[in-house]
Amino acid sequence: MTDRYILAVESSCDETSVAVLKNDNVLLTNIIASQVESHKRFGGVVPEVASRHHVEVITTCFDDALKEAQLEASDLTAVAVTYGPGLVGALLVGLAAAKAFAWANDLPLIPVNHMAGHLMAAREQGELEYPLMALLVSGGHTELVYVTEPGEYHIVGETRDDAVGEAYDKVGRVMGLPYPAGREIDQLAHQGTDTYHFPRAMMKEDHLEFSFSGLQSAFINLHHNAQQKGEELVLEDLCASFQAAVLDILLAKTKKALKQYPSKMLVVAGGVAANQGLRERLAKEITDLAVVIPPLRLCGDNAGMIALAAAVEYDKGHVADLDLNAKPSLAFESFHQQ
């Protein structure tokens, strides 16, 4: 049997990444050029800055990925690329590079949904069992996705306002923590207690929707009022109280989803899946089925996860023409409607 090699490109936000996947789930290389330091002084991602950085480094990422994988372009089977959702300018840089490379080397182009990439990063751990439920938690998305078979995604619940990762960054900014704030809030939370008892929105409703705007407002109001009165708040307890509320919401909705949709396993993926508090709660509270979480190196944005999702799409015969365009608001339901 001839080995299959898929080169994948990811540029949907502030990470420029190129990876090479061998056969079904063996990552030979996963080059990531991070822009975190460039955006830190702005307190968040600046789209124009992100696009310019992608342009500056993407060619080098291609070269490094092939060199590290010890392959030539002629060894490749296909090229995969994220075409949405994400920042339109950032997406277009990766798309242009991937399409040019595919055209120059006469390779098929595989379109990949960025969030499907996060979900399918779990494939590196081994074969997934279907149907499965997935909790996708990142800076831009909070979704419960029911996957009936490989490549068939159905959103059964999502946030009505901010994504959970965005909520972490917003309250982190209020506390004066550096961007991105998720990791530091998680670390501080482990040193504090749930003292402030923030609200947990829509916990008792039967639906699977999320909301974090009320939690953010309660946090900001508490912090502002304390400053006005000259009261000192304990940073560790603030973080612990915020994280406890977030995790209560995520766990409650996930448990409801598992009751409503027969599932053989739970996949938890996305940047926030790196949160140690979330991992601890999942291990403690969901014990009646397998919980699969990608390794930390595959939780943030990276092309390795895009390659793992692309392998599924390639097996299903999903390829795109070279007129494939960026879809910054791409949803799972429109995934194969290029």
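Keep in mind that glycine also has a Cβ here, set from the backbone N, Cα and C atoms.
For His114 (Fe cation binding site), the same-chain residues lying six or more positions away in sequence with a CB closer than 8 A to its CB are Glu10, Ser12, Thr82, Gly84, Pro85, Gly86, Asp301, Ile306, Leu330. When secondary structure is read from DSSP and collapsed to three states, His114 (Fe cation binding site) falls in the helix class. Taken from Swiss-Prot, the feature Fe cation binding site covers His114, His118, Asp301.
If you look up Swiss-Prot, you'll see Leu136, Val137, Ser138, Gly139, Gly140, Asp169, Gly182, Asp186, Asn275 marked as substrate binding site, on the strength of sequence analysis. Sequence-distant neighbours of Asn275 (substrate binding site) (same chain, six or more apart, CB under 8 Å from its CB) are Gly182, Asp186, Gln243, listed in sequence order. In the three-state DSSP assignment, the secondary structure recorded for Asn275 (substrate binding site) is coil.
Non-local neighbourhood of Gly140 (substrate binding site): Cys13, Pro85, Gly86, Ala163, Gly165, Glu166, each in the same chain, at least six residues away, with C-beta under 8 Å from its C-beta. In the shown protein chains, 32 other C-beta atoms lie within 10 A of the C-beta of His118 (Fe cation binding site). Secondary structure at Ser138 (substrate binding site), as computed by DSSP, is coil. Other than His114, His118, Asp301, the residues of this chain whose Cβ falls within 8 Å of the Cβ centroid of the Fe cation site are, in sequence order, Glu10, Ser12, Cys13, Thr82, Gly86, Met115, Gly117, Ser138, Gly270, Asn302, Met305, Ile306.
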